[in-house]
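Residues or ranges marked as active site, nucleophile by TrEMBL: Thr168. If you look up TrEMBL, you'll see Arg196, Val197, Gly198, Asp199, Thr219, Gly220, His221, Gly222 marked as substrate binding site.
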Amino acid sequence: GRMKPVIVVHGGAGRIFKEREEGSRAGVVRAALRGYGILKEGGSALDAVEEAVRSMEDDPHFNAGCGSVLNEKGEVEMDAIIMDGKNLDSGAVSAVKCIANPIKLARLVMEKTKHMLLTDHGAHLFAQAMGIPETPGEKLVTERSWDRWKKNLEPDSNPEEFQKDLGTVGAVAIDSEGNVACATSTGGLSNKLIGRVGDTACIGSGGYADNRSGATSTTGHGESIMKVVLARQILYHMEQGMSPEVAADTALNYMKTRVGGLGGVIVVNSSGEWAARFSTKQMSWAAVKDDQLHYGIYAGERHTKSVDEALTSESERF
């Protein structure tokens, strides 16, 4: 391959409370390093984004997999999507319960069925057929999600307020062959109606990947993202010649002015340029290119260190 591999990940846009900052930063950095490890060994962009997202699904700091928020009935229902930029194949699941890694299931939908999206009970039957172990629902529920859910049930509560700090997790990558991929996974909105599906599982909204232009994964207010088909919009801007950063800002700005929606995106284009942009107060993100790790949470914040240095401090931390 001739391409220099790149991976970018996000841990969700919104408000990240002070006491969760450290964990969010560490989580996106770990996910980016894991994905980059796969790319460095010549692995595919698909494997890299799946691994990065799986790492964040397993991390209770994020609203995906373990740590997902609860619906109105106090249950975890999750959405996920993965897409291959080579042939535009995609797999997604929505409203799935009792599995640890929805992104794995989405990948199987893409590779083992003729379909692109399986939901709820059907997704559950498919997971069983594929031999995916069932995780008891309560194993995915963290104390934080439970407290949040109970607070939102109080008569004077405003779940909308809490929805500002929710996110999604996602990853985009380009591998040494020049193939791009995206992956996105979420627990959705706190106290959402049963069966609510947001942007994450929807192709073109939660993510999109096309070798001809690039790949993107989104996070933020799902309904707003769906209204403007945010991921596809960004790739359209890049097809018109915009850089990843300008394309991302243009699309986010349009979403804000047109429907009042806030969010964040990560982008990589077909020549390996990348961006992590958001219109919310914060978004945890990390990127690796040329053996340099970049990461941040606040607007304008960008730390950089070599991958070797980052891996050393990783192994000391765990």
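Cβ atoms here come from the backbone N, Cα and C positions, even for glycine.
In TrEMBL, annotation is done automatically, which means it is predicted and not curated.
This view paints the features noted in TrEMBL onto the structure.
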residue : record                   : Cβ within 10 Å
Thr168  : active site, nucleophile : 34
Arg196  : substrate binding site   : 17
Val197  : substrate binding site   : 20
Gly198  : substrate binding site   : 23
Asp199  : substrate binding site   : 30
Thr219  : substrate binding site   : 32
Gly220  : substrate binding site   : 28
His221  : substrate binding site   : 23
Gly222  : substrate binding site   : 29
C-alpha of Arg196 (substrate binding site) to C-alpha of Thr168 (active site, nucleophile): distance in Å? 15
Nearest to the residue listed as 'active site, nucleophile' by C-alpha distance, among the binding-site residues Asp199, Gly220, Gly222, is Gly220
